[in-house]
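Novice: Have a look at the structure that comes next, please.
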Amino acid sequence: MEAFIKMNETYLVTDLCAKASCSDEIVQIETAADEQRFICDIREDEFSEKSHLNKHFCCHTKEKLHSCNICSKEFSQKNMVPHFQTHIKEKPYSCDVCHKGFSHKSNLNRHYRIHTNEKPYSCDVCNKEFSHKDHLNAHYRNHTNEKPYFCDVCHKEFSRKDSLNVHYRTHTNEKPYSCDVCHKKFSVKCVLNAHYRTHTNEKPYSCDICHKEFSCKRYLNVHYRTHTNEKPYSCDVCNKEFSSKSHLNEHYRIHTNEKPYSCEVCHKEFSQKSHLNRHYRTHTNEKPYSCDVCNKEFSCKSQLNKHYRLHTNEKPYCCDVCHKEFFRKDSLNRHYPVHTKEKHYSCDICHKVFSQKRLLNVHYRTHTNEKPYSCDVCYKEFSRKDNLNVHYRTHAKEKPYSCDVCNKGFSHKNNLNVHYRTHAKEKPYSCDVCNKGFSHKNNLNRHYRTHTNENPIFVMSAIKNFRAKVI
């Protein structure tokens, strides 16, 4: 060990202090903001770190300091040996539960509280409990809003020193922690640990309300707020509130129009990394999420969740006007104009108006005869995707809708509704020329042409004019 320790040539001696003292007389005082100051009981000199106080105290004890030959830090002889163990990675103290090794007994004692769930330190403001005093000190700054640590590059302030150290890596792009499975690198060890659980599928943190499991404690904490409806983060522009800071940061980009994530293939920019990841799968055709009922694959988990409701028949979105329920939120949003009667979109060929642009686009295809959706079995083409989905049932012989009068089956609900009229003798559509009644609107339209002697040429002329405008 002597090879790593060199003796200082000089003693740190002072004759300013007449009063003798021992190391037990060092007093640690905590301020109201819980920032620790270390004060010498002899001269009342203040120090921000305990190591500085120990070094100063040698002035009074006339104790010789030793310099570490590895890092050049100076220690008393008593503290030199524990410090030296940090270099040689000697860990003589091990946990008898999980066998993890430690270089200091105090660190072992702190670690042991993980197993015993002991939390001897509590906040006198909110009564939250902590297993370590430094965790309590860091937490207390949430109440005082004290941020004593700041970045000397961008001057951002932090309440904890470890948060500052992690932040520094955003400037240096340092990622010292790497996954030994996929070799992905991380700037923070706890993020690596959370990532590693994606390989092991380990989820050690569970919600004690709904029992949902999480791989990371931070995710659990954010999830808890869905039960408490707590939203501690608010936008200073529009005052919208959020349950997590990351959601606030993502939202804030709506105001700044910031899009820091760009696709390396097509260079499209995104405000959120998750949106970039989802977009990137359009290039790779990757579909990592599959339905465990029908095995259909999806590139996005949200798409899988929406699809899964087709099996469970869950309709979580409800119209607050007519109480109609929907599988998807966008379907509910499209439904709302039915009540407001708003129709902002009009066809420039026939001037028919629509409440949604999507419906106008679908309608245009009746003029252009565009059919972008084709059946991969018989290659029949359709202008609408929902019509293609209904058509697929003719191949699968699927008829999910049946008449409760004669039990006849139908592949489409509209066909069932039209069929019902044969039993009820209902003919809701009547010709305004001869008053003849029809059970279906298509039959009325066909009949009406016998009165108008309609020539479809004017329709084709309108289509040509429309195409000329588009080109």
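Cβ from N, Cα, C; glycine included.
Automatic prediction, not curation, is the source of TrEMBL annotations.
So TrEMBL says this about it:
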DOMAIN    93-120  domain 'C2H2-type'
DOMAIN    149-176  domain 'C2H2-type'
DOMAIN    177-204  domain 'C2H2-type'
DOMAIN    205-232  domain 'C2H2-type'
DOMAIN    233-260  domain 'C2H2-type'
DOMAIN    261-288  domain 'C2H2-type'
DOMAIN    289-316  domain 'C2H2-type'
DOMAIN    317-344  domain 'C2H2-type'
DOMAIN    345-372  domain 'C2H2-type'
DOMAIN    373-400  domain 'C2H2-type'
DOMAIN    401-428  domain 'C2H2-type'
DOMAIN    429-456  domain 'C2H2-type'
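Please situate the listed features within the shown structure.
Specialist: Here the domain 'C2H2-type' (93-120) returns a mean pLDDT of 85 for the predicted model.
Residues in the domain 'C2H2-type' (177-204) partition by DSSP class (helix H, G, I; strand E, B; coil) as 12 helix, 4 strand, 12 coil.
Secondary structure of the domain 'C2H2-type' (261-288) per DSSP, as helix, strand and coil residue counts: 12 helix, 4 strand, 12 coil.
For the domain 'C2H2-type' (289-316), the residues of the chain that approach it from at least six positions outside its boundaries are 278, 281-282, 325-328, judged by C-beta separation under 8 angstroms.
With a threshold of 8 Å between CB atoms, the same-chain residues lying at least 6 positions outside the domain 'C2H2-type' (317-344) that come near it are 306, 309-310, 353-356, 358.
Only residues 6 or more beyond the boundaries of the domain 'C2H2-type' (373-400), in the same chain, are considered here, and those with a CB under 8 A from a CB of the stretch are 362, 365-366, 409-412.
Look at the domain 'C2H2-type' (401-428): DSSP puts its residues at 12 helix, 4 strand, 12 coil.
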Novice: What parts of the chain pack near the domain 'C2H2-type' (149-176), using Cβ distances under 8 Å and only residues at least 6 beyond its ends?
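Specialist: Tertiary neighbours of the domain 'C2H2-type' (149-176) are 138, 141-142, 185-188.
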